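Copied from Swiss-Prot, the annotated features are:
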type	residues	note
ACT_SITE	Cys151	active site, nucleophile
BINDING	Arg10, Ile11, Asp36, Lys81, Ser116, Asn314	NAD(+) binding site
BINDING	Ser150, Cys151, Thr152, Thr181, Arg197, Thr210, Lys211, Arg233	D-glyceraldehyde 3-phosphate binding site
SITE	His178	site 'Activates thiol group during catalysis'
Amino acid sequence: MKIFINGFGRIGRCVLRAILERNDTNPQLEVIGINDPANWEILAYLLEHDSTHGLLNKEVRYSNGKLIIGSLEIPVFNSIKDLKGVGVIIECSGKFLEPKTLENYLLLGAKKVLLSAPFMGEYDEKQYPTLVYGVNHFLYQNQAIVSNASCTTNAIAPICAILDKAFSIKEGMLTTIHSYTSDQKLIDLAHPLDKRRSRAAASNIIPTTTKAALALHKVLPNLKNKMHGHSVRVPSLDVSMIDLSLFLEKKALKDPINDLLITASKGTLKGVLEIDLKERVSSDFISNPNSVIIAPDLTFTLENMVKIMGWYDNEWGYSNRLVDMAQFMYHY
């Protein structure tokens, strides 16, 4: 399976690391090119030395247009001119979010495109589906361009799918307690859209927006107009937490809800949803490959209300779902 990565920032590098990790035991994925406008000597350094996920287990260097990782050589570029032979291009730059702009990759020769973000703009949702692996990926019908939704949507969708089926969700509110990202500022500096995100990321708790709850209906259509939410950015480098409050049509108790989640973690959602019984904290989940990790002691119920809290590595978990989805699309 031949993969091309466009954009070699946090997600692009995590995607490559995830592929390298999988290929150590089951070599099926071949990255045949990476594109990013940045200096490739610096990008090679950043791939090997990661402040969050640690040192790569192979030496990395750049030479003569190639990223050399141990004995592996990957052609790298500062612009894309040809994608012939590419099975799936994973778009990680954050710059091309409208489906029509992603069609350019098909014109250059790629067979399929996977976007590492929600789609923007007006588009046909059947032609350009939003899929969350483990929740609705089985609805894929060989479309050429797919959105992998957001890291937060990947975290809440498995929970909502389970609870809506069992209890019927009437409405819900989401708070994502989210580690800061490159969209914020290291020191106080003007943000183009958001006053609060203009403030120093590592020194403040910063309320801002998220479209994860509003966009959930693109994955679970039954929840359209039933969900809303916001984000609170916190001074941590990685790992986030969902605080999901739901009103259910049926009365629910803590133990039956947790039992449903635990059963799913061992069956249909194994590798996507995990259960934490050790009362761990955020740093314990760095480099956890699951989409969400539920702490059963942080499930609370009151009549028809339920609050569920879950951890997710917003970089590594999401990047692993991108690889899962790319493989699924390719082998469809």
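Every residue number used here counts from 1 along the chain in the order it is shown.
The backbone N, Cα and C atoms fix where each Cβ goes, glycine too.
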Query raised in the report: If you measure every Cα to Cα pair among Arg10, Ile11, Asp36, Lys81, Ser116, Asn314, the residues listed for NAD(+), what is the largest value in Å?
Result: 31
Query - Three-state secondary structure, Asp36 (NAD(+) binding site) (per DSSP) - result: coil
Query raised in the report: Ranked by the number of other Cβ atoms within 10 Å of their own Cβ, which of the binding-site residues Ser116, Ser150, Thr210 ranks first?
Result: Ser116
Report task. Mind checking which of Arg10, Arg197, Lys211 has the fewest other CB atoms within 10 A of its CB? They're the binding-site residues. Result -> Lys211
**Report entry** Length of the line joining the Cα atoms of Arg197 (D-glyceraldehyde 3-phosphate binding site) and His178 (site 'Activates thiol group during catalysis'), in Å
**Finding:** 13
Report summary line: Checking the recorded positions Ser150, Thr152, His178, Thr210, Lys211, Arg233 against Arg10 (NAD(+) binding site) with a 10 Å Cα-Cα cut-off, in sequence order, leaves none
Report summary line: Expressed in angstrom and rounded to a whole number, the D-glyceraldehyde 3-phosphate site built from Ser150, Cys151, Thr152, Thr181, Arg197, Thr210, Lys211, Arg233 spans a maximum Cα-Cα distance of 19
Report summary line: Expressed in Å to no decimal places, the gap between the Cα atoms of Asn314 (NAD(+) binding site) and Arg233 (D-glyceraldehyde 3-phosphate binding site) is 12
Requested in this report: List the residues of the same chain that sit at least 6 positions away from Arg233 (D-glyceraldehyde 3-phosphate binding site) in sequence and have their Cβ under 8 Å from its Cβ, in sequence order, or write 'none'.
Outcome: His178, Ser179, Tyr180, Thr181, Gln184, Arg197, Ala201, Ile205, Ile206, Pro207, Thr208
Report summary line: Cβ proximity for Cys151 (active site, nucleophile), under 8 A, sequence spacing 6+, ordered by residue number, returns Ser240, Tyr312, Asn314, Glu315, Gly317, Tyr318
